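First the structure, in the form of structure tokens, and then the observations on it.
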Amino acid sequence: MEGPQELLSGKLRLCFTPAARTSLLLLKLNDAALRALQECHRQQVRPVIAFQGNRGYLRLPGPHWSCLFSFIVSQCGQEGPGGPGLDLVCQCPGRSGPNRLHCLGPLRERLTIWAAMDSIPAPSSLQRHNRTEDARDRESWQNVGDYPEADTISQSQMGLEEVPDPLASSQGQSLPGSSREHMAQWEVRNQTLLPNRDPDQALPPSASQKHVDKKRPAPAAMVELKQKRLRTLAPSPLQGLPSQDLQEEDWEQEDKDEDMGPRLEHSPSVQADSESLSPEEVPDYLLQYRAIHSAEQQHAYEQDFETDYAEYRILHARVAAASQRFIELAAEMNNVQRGTPEHKALEEKIVQEYKKFRKRYPGYREEKRRCEYLHQKLSHIKGLILEFEEKNRGS
């Protein structure tokens, strides 16, 4: 991760010395991922990586923090079928001299780590984080989906090796790779509580907290965060997008998908509506997750919740970051009178930016639908767990 010590100039000799049985990847990552990797190297801890097809997760563990990134592997450096690729060349000091370079092998694939990072810091870490860090440029959403059309399949669930608990708090250590955007997402999620419940009213401890080490008391902050993780879901990142102002065909078609209602929470009306649907229209999670009747069933539901929640948070961060620019433009349109030249110019600007956005982020629709699906599924599971705990507390 260190740059060259001196500039290369003059005539250079290139030697081909590829390493045997070694695959080389071109790594593309943002500053947050780089800082987290550097911190892992400094702490001498090994990152955990999980592949499934061309996608995967990268977890960077630390003593009191944990960062979770998503990535995709794609072809790199080719101008077309059979076109020239990229080679990894290094300058090795020694008897060969400074003007001798060594080619270690071709770079056929690129591993891109998304700028949208999923991390779970403790509240004390958030309060002590350096607030002078520059905010991400508003145009950075264009780099969120830089991958080919063939890689637009939705993310599927995948297992990861065990890493230290990301909810463990630290009173004096900030989270490497965090930013104000992630702190804002954390605050929004913590402020989104269940309906008909006082924000200050604590939920009953769930079965997942029974597995806390009984040899020492669990920190109050960790228990509270585990409760919030079960009881709160971030509001849909798709709310606030315009739904009727634009007349362009491409944007109108997307608006039909963007016109989402308020976020779904567990309620009797939701279950009543689902019962009137045909079997083909009923979501699979309504058939799979019925009322809970035992502690073992509750524990299984909680495990499924945690598994889907990790994927949901990554997708939510990506979709929210991609949608934020259009939410800002829609807010500008609301402040301009319809029919005026300013309104038409702004409308044209949104259409053009949207067309460029579709090319840069071809998998946006699929990830958006997957994010909404997980949001509704997690809300359903959460409601069943709370309903079971409420029933047991009253008996």
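Including glycine, each Cβ sits where the backbone N, Cα and C put it.
The region 'Disordered' annotation in Swiss-Prot covers 124-149, 163-182, 194-218, 233-279. The compositional bias 'Basic and acidic residues' annotation in Swiss-Prot covers 130-140. Annotated compositional bias 'Polar residues' per Swiss-Prot: 168-177, 268-277, in sequence order. Summarising the annotation, Swiss-Prot assigns compositional bias 'Acidic residues' to 246-258. Marked as domain 'OCEL' by Swiss-Prot: 283-393.
Confidence for the domain 'OCEL' (283-393), expressed as mean pLDDT, is 88. Taken through DSSP, the domain 'OCEL' (283-393) splits into 95 helix, 0 strand, 16 coil.
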